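Peer 1: A single structure is presented below for examination.
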Amino acid sequence: MASKTFDAGVQDYQLTYWTPDYTPLDTDLLACFKVVPQDGVPREEAAAAVAAESSTGTWTTVWTDLLTDMEFYKGRCYRIEDVPGDKNAFYAFIAYPLDLFEEGSVVNVLTSLVGNVFGFKAVRSLRLEDLRFPIAFIKTCGGPPAGIQVERDKLNKYGRPMLGCTIKPKLGLSAKNYGRAVYECLRGGLDLTKDDENINSQPFQRWQNRFEFVADAVDKATAETGERKGHYLNVTAGTVEEMMKRAEFAKELGQPIIMHDFLTAGFTANTTLANWCRDNGMLLHIHRAMHAVIDRNPNHGIHFRVLAKCLRLSGGDHLHTGTVVGKLEGDRASTLGFVDQLREAFVPEDRSRGVFFDQDWGSMPGVMAVASGGIHVWHMPALVNIFGDDSVLQFGGGTQGHPGGNAAGAAANRVALEACVKARNEGRDLEREGGDILRDAARNSKELAVALDTWKEIKFEFDTVDKLDVG
């Protein structure tokens with residue numbers, strides 16, 4: 001029976017959008033929200049309100065509802081579950097018909113699902129925990145410009161993680177000194193170097209000058225070592241037009257890879273750039289600057305696994321994922337859950353990793369996970385074990401903080417990486433025997449011995465804020 005508020009012309013959402021008997025279709029887009037309702041609001045009503053506001057609903061009855069098939073287009077909350085260890089919150093599972101979304105548009109999906117409902121008064125807090133994209137939608141998205149295998153073929157690097165470094169200091173260097181730092185790191189043994197997220201085109205270093213000096217450094221290191229090298233040239237800019245101009249110049253210089261800050265620049269810019277990279281044979285490295293503003297609060301926002309899925313659809317060949325062991329936030333199980341979403345063709349539901357739905361990616365190429373942030377040689381065994389071969393391990397301060405300089409720091413990391421990969425291939429337990437593996441390798445590498453001594457006391461032992469809700 002309708003409530004008094006419904007009689008007064010205000011929607012009782014539960015009557016229309018709470019459908020516990022509904023069985024989701026393979027073509028439905030599924031969402032899991034963590035909901036904390038306002039005091040006095042029943043769970044079913046709060047969940048239905050989320051389904052309504054993120055699909056077809058409005059606050060009152062309108063006569064134009066009669067001009068379309070609301071039963072076909074509405075979002076449906078089909079299940080509610082308790083959140084382990086939190087009596088105030090619950091999970092709301094909502095199914096959305098595919099026709100609510102523009103083909104190939106991550107922008108439209110996010111606008112619908114999180115664009116307005118997060119300010120809704122019926123809920124105290126709201127978090128989008130996971131999405132299940134149907135294959136029918138995935139097939140309309142371009143995805144990564146190259147993918148993992150094509151990147152390995154382009155760079156001729158197989159059987160191990162790639163080794164990288166963010167140039168430090170991230171701001172303040174002249175273009176010439178910046179290029180010199182790139183050259184030393186690549187000559188010393190790194191595969192890739194990187195612009196930091198906030199180096200664009202500042203007065204101390206205009207982008208075109210940086211690109212030219214970096215290209216010279218990459219070409220020189222490639223010629224001297226006989227290995228294919230690269231540097232992520234950050235093309236992020238204030239306008240899409242300027243971004244594309246920078247991308248075109250990187251291509252003219254013969255560089256293999258460019259970089260983009262996908263959250264601060266936006267998904268429209270990112271998809272535009274990814275499509276261009278696909279058409280022009282360029283690799284695309286993605287930085288997640290601003291992600292923690294959105295995903296770190298365990299009760300409100302969007303979990304990073306959702307952002308990672310959206311990035312795979314929008315397009316990128318690398319994505320920063322945290323390190324588990326370094327200075328940045330990252331629960332191990334949860335991190336592995338969204339790393340799987342980046343790389344695998346099919347990811348089964350696994351609540352122990354925060355995966356709420358089976359996700360079939362079809363034939364969409366994978367994205368390399370990038371571990372970066374407060375890591376050094378002592379972390380190498382754990383990083384190789386956690387992230388596996390299809391990853392980029394980036395040591396910024398852990399390369400350039402070496403007492404012997406950038407080239408020595410790069411050499412130390414390269415020796416450590418190859419020692420860990422060799423030990424793993426021999427069946428050794430990297431996380432249990434890692435210290436011994438590194439010390440043995442250091443007997444034949446002065447650079448590694450110095451690095452091990454330099455960073456032997458450095459740890460980041462803060463607890464994770466955003467932990468998995470498991471019983």
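Note: Cβ is positioned from N, Cα and C throughout, glycine not excepted.
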Peer 1: Could you look at His318, His320 and say which one Swiss-Prot places alongside Asn116, Thr166, Lys170, Arg288, Ser372 in the substrate site?
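Peer 2: Within the candidate list, Swiss-Prot flags His320.
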Peer 1: Within a 10 Å radius around the Cβ, which one of these binding-site residues has the most neighbouring Cβ atoms: Lys170, Lys194, Arg288?
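Peer 2: Within the set of binding-site residues, the most crowded position is Lys194.
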Peer 1: From the binding-site residues Lys194, Asp196, Glu197, pick the residue whose C-alpha lies nearest to the C-alpha of Asn116 (substrate binding site).
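Peer 2: That would be Glu197, nearest by Cα distance.
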Peer 1: Residues near the Mg(2+) site, Lys194, Asp196, Glu197 excluded, by Cβ within 8 Å of the Cβ center?
Peer 2: Thr166, Ile167, Lys170, Asp195, Asn198, Ile199, Tyr232, Asn234, Met259, His287
Peer 1: What's the CA-CA gap between Arg288 (substrate binding site) and Lys194 (Mg(2+) binding site) in angstrom, rounded?
Peer 2: 14
Peer 1: Spatially, which candidate from the binding-site residues Thr166, Lys170, His320 is nearest to Lys194 (Mg(2+) binding site), comparing Cα atoms?
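Peer 2: Going through Thr166, Lys170, His320 one by one, the closest to Lys194 (Mg(2+) binding site) is Thr166.
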